Amino acid sequence: MKVSYNWLEEYVEKLPKPEKLAELLSVHSFEVKSVEKSNEDYILDIDILPNRAHDCLSHIGIARECVAVANSKFKIQNPKFTESKNLKTRDFITVEVQDRDACPRYTARVITDIKIEPSPTWMQKRLAAIGQKPINNVVDATNYVMFETGQPLHAFDYEKLEGKKIIIRGARKGEKIITLDNEICELNEGTLIIADAKNPLALAGVKGGKKAEITVKTKTIVLESANFDIKVVRATCRETGIKTESSIRFEYGLDPNLTEEAINRVTQLIKGKITKGIVDIYSKKTLSVRMRLNLSKIENILGIRVSKQQVIKYLKSLGFIINDSLRVTVPTIRRDIEIEEDLIEEIARLIGYNNIVTSHPFGLLGMARLNDELIVTNKVKTIFESAGFNEVYNISFVGEADIKKFDVNREGYIELENPLSIDLKYLRKDLLINLIKDIKDNSKTFLREDKAIKIFELGKTYRQENKKIEEERMLTGLIVRRSGKMKGESFYETKGLIDSLLNKLGISDVWYDDFQATPEWTDNIFWQRTETAEIKVGDEEIGFIGEINTTILNKLNIKAEVAAFNLNFEKLLKLAEEELIYKPPSLYPAAVRDLAVLVNLEDRVADIQNIIEQIGGELVFDVDLFDMYEGEEIPDGKKNLAFHIIYQSYEKTLKDEEVDKIHRRIIRELEKNKNWEVRK
Amino acid sequence: MDIGDLKKRIFIDLTKVKDLAELEQFRIKYLGRKGEITFVLKSLKDLSIAKRKKLGTEANQFKKEIESKIENLKSQLIKQETKTKEREKKIDITAPGIRIVHGHLHPLTHIMRKIEDIFQSMGFRIIEGPDIETEYYNFDALNIPQDHPARDAWDTFWLKTKPQRLLLRTHTSPMQVRFMEKNNPPFRIIVPGRVFRYESTDASHFYNFYQLEGLMVDTHISIANFKAVVEEFLKKLFGEEIETRMRPSYYPFVEPGFDIEMKYLSSDWLEIMGAGMVHPNVFKSVGYVPGNWQGFAFGIGIDRIAMLKYKINDIRLLYSSDLHFLNQF
């Protein structure tokens, strides 16, 4: 809010210089964003906190803070005016409040013999200084008092009121109002309005209407100073889309006791005959909150000792009534003070948080239990970093266009009620879409003949399944190449990486199965079926590796081979938590034999490997494929697989003859397959 | 047999030796099993005793002489060859190293690891919570009143979920409630996580970002304790030379509430976190007896910390997946 320094000076004795005041307010009350000189005045731009907007969106409210932070005194000004002896307000007007909850208080006054003219220069200057446009003496006075007291006010042209009545009621079906800005507002049934005997005059607490507008011809006015409920005003704003200085103040919940002070103040500022008495509909009076403060509680919360005298001094400076036994009466204007903690905050901020001496918390500082998940997470990320991967953080959303372009199944996607744009309409169901999109932006600079792009992300995915919301972390990555040196290079690199990752996490019993898309957590649309596998640990499927479907790459105009892995991180975490069991190495030497087999192209390494392990039994310690070759020197439709077989026993040193014997048995078994030829 | 002749020939031959290989050949030629000197010595047995004695002594002396010459020359040649080899082997240490391909972790990962390390060293446990939340945990249980403008401070993404209308958490504070519902004090925790705001983006605002919640509750945890913990944290993260200050602020789930500002490599105060003493209504909503417990809560924007620390001028870079950017971390 913009606050005029000169205006504040009217209420505060010995007001500190503007810069000093700004600093004091910032440290003890509200942040002052700027102090600017404006003619003979200074304008402070103050960021009023939401819990204080009900009393501090006003010069008097800020002045009260100034008094407290500058240790000064408040200059009280009681409005002075003379009422007419023979004209009685209640003879002019009757007020009827139909919903006392929506309108807890309504006060009105009438002034006759008014001459509409420009407001006095001093008032015009003040309003202009805080960015308000002067209109005429009546409207300016109501505005002025709102910025002074925080209480919104309104003036109606008395002559234009049907039936000399003011009724505060809900709008009827089909009723309309033309606002002061000449906007036609169709009213919802029940919207709180101010009406005369027939027509709506104003949107309660929000905006006045054309019907009873003040014009140059106006002679008699009705002044309104009312209190409206937060919810009611908020609803009107929402429905009509109108927000005003008045509605902003009502939305924070004003003190009903403020209306009288404000209406008297504005009455004093308008020249004319003031009718006798005030019309005041106020049935449930808002009373002061009373509570007891406890010195030890203050000390416990602040962590420093505060004396009773200090407490009394600080609270008094803010206008609280407090006695020697620390019984506090809260002025009704301070609607934010409800409990003891609220009062302690007042004391703390006036002492100044910077004056609270730091002290380390007591209590046994047990070593924090290291979070297992965090350890695994950090380890995984470090493994990828060492393997040459760049970590990315993509946004949590995908758009309509992505869903179409990738042609994914819409099922399970969670849609936003209020997306920022159509490109952010859904929550991501996988990390793949955004990762694949990342390639596009980076391929120009980073995808070269000799260089692959490797990226990964560990992030959350979201889906809805049978009214259940699932939120799961996925670990997904890509290796992108112009073209591999060998068939499936990126796939095998990815597979090697996953093997080493799982190994480092102590997860064993890992194998790769044929791809069968399970729609609940990977859309089969992503994968090139022939070059994709499921990653399994025991019987459990923990993820996929494979090549990204060329149709998708073509649609996105990505000219590269893209291998991907997509691991369910929640499952990975569970498996990684199981304990690693150490197996001592054999005390006896190992013997290595090589074996090369010529097989059909479609034959699989695992088939050969299985036979080797099955025949070799416990003596085969490890089987290692070191070459897979097809092409020159190899017959068409064939490929050559070369293995190192490591034989080792836990019980004895294997003799050459023993090794040879098993090796020969393996060869014999392999050759039973007519399509396989062991090369000797 | 004339040793003199042989001697002469051998000495001439020896001067021709240029390297170790030639020296070895020379040795074999004269001293090897079939070498000339060996032959001379062997042939002594065919001579008369007198001749044998004379010639024998001479020949043996000569053999020793040659052997010692060979040894001398050998060590000389070894020295020489080492020098040559060293010269050949010498490398240009200014030529570039062989490139090791390594990846890069995201700046937010780096900064979160630092932050987590610091808090762990102060005994804080690290926990996480869901991104998709209910209105209850995100607002109501945190004393953020319905139909109050205070709630407008958190622009919210709502989800078309059924049967319950859910939202994307606007802050990590819901985990205060979720954690306290299941745990009793004393405890100290931090909760890092992604949060969401329905707001237009610019260099310092983005619709998803990271926050870190902190919560410490016991019987006597005070504002003075909060200051100690937070100053320790900020100094460990940004260095001893930073300055901090606090000023009043408002968050419905704390009372009193305050903001922490910091001076870091600049003369301007930067708002770095919001904090306060847990509001009794929050304790009530998790089933604690308010008077029994007391503690502080705080929230920090992790992106902002990363931006400050690494001098990143646009938050959108963090979510751009631009390798130009990521390769620097």
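Just so you know, glycine gets a Cβ as well, placed from its N, Cα and C.
B:GLU255 (Mg(2+) binding site) falls within a strand when secondary structure is assigned with DSSP. Residues or ranges marked as Mg(2+) binding site in TrEMBL: B:GLU255.
Residues 10, 14, 17, 19-20, 23, 26-27, 30-31, 37, 41 of the same chain lie 6 or more positions beyond the ends of the coiled coil (B:63-90) yet place their CB under 8 Å from a CB of it. Residues annotated as coiled coil in TrEMBL: B:63-90.
Each residue in the domain 'Aminoacyl-transfer RNA synthetases class-II family profile' (B:111-308) has a pLDDT score, and their mean in this model is 94. Marked as domain 'Aminoacyl-transfer RNA synthetases class-II family profile' by TrEMBL: B:111-308.
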In the chain carrying B:GLU255 (Mg(2+) binding site), residues 6 or more apart in sequence that have Cβ under 8 angstroms from it: B:GLY276, B:MET277, B:HIS279, B:PRO280
